[in-house]
C-alpha cells in the first residue's frame with residue numbers, strides 16, 4: 001500500500017469530502033423530514049412518497065456511516081478485521097439499497113403513469129406489494145455479489161505493504177487473483193447493466209406514453225397545450241434527471257473501480273472514487289426537493305408576499 005495515498009487525500013480531498021457529506025446529510029434529512037411532516041399533517045400521500053422517503057433514509061444512513069468511516073482516512077482508529085469487514089460491508093450494503101431503491105422508483109413511476117390499456121395496468125392495485133418484493137429480491141441479489149468483501153477486507157498491519165489495496169488507514173483489500181478478478185468484474189458488469197437497463201427501459205416507456213398523450217390531446221383539442229407542465233411531465237423530467245445523473249455517476253464509479261485494480265496505489269484514482277461514490281446520494285434529494293410543488297409553491301408564495309410587503313413599505 002502506498003503511503004502517499006493517505007497524504008494526498010488528506011491534503012486535497014478532506015475538506016471537499018466532508019463538505020459533500022455534510023450537504024448530503026442535510027439534504028436527505030430535509031427530504032425525509034418533509035415527508036414525515038406531510039404524513040403527520042394528514043396530507044394524502046402520493047404513491048411515490050414511500051419509495052422517495054425510503055431512498056432518503058437509505059442515503060442518510062449511508063452518508064452517516066461514510067462520515068464515520070472517513071475519520072479513518074486521516075487518523076487511524078485501530079480497527080481489527082471484524083470491524084473493517086463490518087463497516088465496509090455495511091457501506092456497500094447501503095449503496096446496494098440506494099441503487100435498488102432508485103430502480104424501484106423508476107419502475108413504480110412507470111406503473112403509475114401507464115394507461116389502463118397497457119399490460120402493466122394489472123399491477124396497479126398491488127404495485128406496492130409487488131415492488132416491495134422486487135426491492136427485497138434485488139437488494140439480496142445486488143448485495144450477494146459484493147459478499148467477497150467479507151473475505152477481502154482486512155485490518156492493515158503493515159503500512160509499507162505494496163500488495164494491499166488501500167481503503168482507510170486501518171483497513172485494506174487483499175488482492176484477488178486474475179481469475180477471481182475477471183469473475184467478479186463480469187458479475188458486477190451484469191448487475192449494473194441489468195439495473196441500469198431496467199431503469200432506462202422504464203424511463204423510455206414513460207417518455208413514449210407522455211409523447212403519445214400530448215399528440216392525442218393536441219389532435220382532440222386542435223390547439224396547443226398549455227405551456228405549464230403537468231404533474232406527469234414534471235414526474236418524467238425528475239426521473240429523467242435521476243436516470244441521467246445516476247447513469248453518469250455509475251459509469252464513472254465503474255471505470256474508476258476497474259482502473260484501481262490495474263493501477264494499484266494511485267492516489268488520484270482513489271480520491272476521485274471517494275467523491276464520485278457519494279455524489280448521487282448528495283444530489284438526488286436536491287433534485288426531488290426542487291421539483292416538489294408541495295414545498296416550492298409555499299416558499300414561492302411566501303417570497304412573493306415578502307417582496308410585496310417590502311414594496312408597500314418602501
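For all residues, glycine too, the Cβ spot is worked out from N, Cα and C.
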Same membrane side per Swiss-Prot: residue 15 vs residue 259: yes
Transmembrane segment range according to Swiss-Prot, out of 187-207, 208-228: 187-207
Annotated range (Swiss-Prot: transmembrane segment) out of 93-113, 156-176: 93-113
The transmembrane segment (269-289) versus listed stretches 20-40, 93-113, 187-207: most Cβ pairs under 8 Å: 20-40
For residue 84 (disulfide bond): intrachain residues, at least 6 apart, with Cβ closer than 8 Å: 153, 154, 155, 167, 170, 171
Stretch in 50-70, 93-113, 187-207, 236-256 most in contact with the transmembrane segment (134-154), if contact is a CB pair under 8 A: 93-113
Stretch-averaged pLDDT - the topological domain 'Extracellular' (155-186): 73
Intrachain neighbours beyond the topological domain 'Extracellular' (71-92), with Cβ under 8 angstroms and 6 or more residues off its ends: 6, 9-10, 14, 17, 62, 65, 143, 146, 149-150, 153-155, 167-171, 274
Packing count at residue 171 (disulfide bond) (other Cβ atoms within 10 Å of its Cβ): 24
Folded-back contacts onto the transmembrane segment (187-207), same chain, C-beta under 8 angstroms, at least six residues removed: 99-100, 102-103, 106-107, 109-110, 113-114, 138, 141-142, 145, 235-236, 239-240, 243, 246-247, 250, 254
